[in-house]
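Lifted from Swiss-Prot, the feature list:
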BINDING   Gly11, Thr12, Ser13, Leu14, Asp15, Gly16, Val17, Asp18  ATP binding site
Amino acid sequence: MSDLYIGLMSGTSLDGVDGVVVDFSGAHLRVLAHVNAPLSTALTHELLALNSPGTNELHRAALAANALVRVYAHVVAQLLELADIEHSAVAAIGAHGQTVRHQPQSFDGTGYTLQLNNPALLAELTGMDVVADFRSRDVAAGGQGAPLVPAFHQSAFGQPDQTLAVLNLGGMSNLTVLGPCPATESPAGVLDADPPSCFHSHDVLGFDCGPGNALMDTWCLQHIGQPFDADGAWAAAGRVHGELLAALLDEPYFAQSAPKSTGRDLFNSGWLTWKLEKFSSVAPVDVQATLTELTASVCATCVKRYGSESSTLIVCGGGAFNSHLMVRLQALLPRLKVISSQARGLPPLQVEAAAFAWLARNTLLRKTSSLEKVTGASGARILGAIYPA
């Protein structure tokens, strides 16, 4: 079996599709190619709309899934060209899909998670094996189905002599806390292809903190016509409104204990509109500053509660490029060193895509990937369904 895998990720931020080719042949994984492909405005709007109940949803969701998969196939073609490899050299594609509903419950029969995808079509378009549907087995086992990347974070960033925290700032924010890993001998910046021998669920904690970029991006698009706040410059020009921040923080989800997960089912434009009802006089730029402070505050609180022994906070995802947000995180966490994942050998936009390449590999090798302490499932499970070429 080949040691080359492709990972494809389109997250709740809806800022495009990230794809990577990863080589797992050596002691340490290597990313051979990375592509970021934007989604069309029409597809982005439809995927956003499908996060909420509407008319003719089944038909629209099927068409949106097909459209997304055609973007996936285009990304795969670009990756093969950049890496200068044939499709036959790749063992499988790990394709996450687009989460449009995430309502996990524990063992009561009502929990579900839905990622729009058509892995059969992707296998047909690429001529490659596809692994998809990574989350549903964990939900079936009573887990949250999210986050799934902490296991990968341990293999990629775990260190032998220190506790680390990894913060993914996508549409939502999720935190991983990694305990020391004595069996690891990899120096900082070197990424392990396989988990070290100390890799157990008790070494890793992970959960969704709350909103990441989603609310900030929504507000930006609505008021300045931009899909995101570049470098956080707009937020930096405003002032945090204390009463509005308190109202935003008055959300039961933030007080819940881990394991927990969330998404646009909760933190969406409707939630923001509701919270802003009593603050119509606040200038849009100050709302943006306050939304940025919300993300920073929620994430910092989670780090203090669950990762107080951490020496470093490694930030990945699109939010790592928001300079103002990174400054606020460092200010709220003065005892930690806040750095981009780039400093540890993996650029921020490659981390989640690489994680799904890693998860696909585990599926083919029949290795478990979920961590019961992270998701709350009844045990570790092999994740994903295989669609042969």
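Heads up, the Cβ atoms here are built off N, Cα and C, so glycines get one too.
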Problem set entry | Nonlocal neighbours by CB distance (under 8 Å) for Asp15 (ATP binding site), same chain, sequence gap 6 or more | Pro38, Asn213, Asp217, Pro227, Phe228, Gly318
Exercise. Near Asp18 (ATP binding site), which residues of its chain come within a Cβ-Cβ distance under 8 Å, counting only those 6 or more away in sequence?
Worked result: Leu8, Met9, Ser10, His34, Val35, Asn36, Leu349, Gln350, Glu352, Ala353
Exercise. In this structure, which of the binding-site residues Gly11, Gly16 has the fewest other Cβ atoms within 10 Å of its Cβ?
Worked result: Gly16
For this session: Determine, for the ATP site, the additional residues of the same chain whose CB lies within 8 Å of the mean position of the CB atoms of Gly11, Thr12, Ser13, Leu14, Asp15, Gly16, Val17, Asp18; present them in sequence order.
Result: Met9, Ser10, Leu39, Gly170, Gly171, Gly318
Exercise. If you draw a 10 Å sphere around the Cβ of Leu14 (ATP binding site), how many other Cβ atoms fall inside it, taking every protein chain shown into account?
Worked result: 23
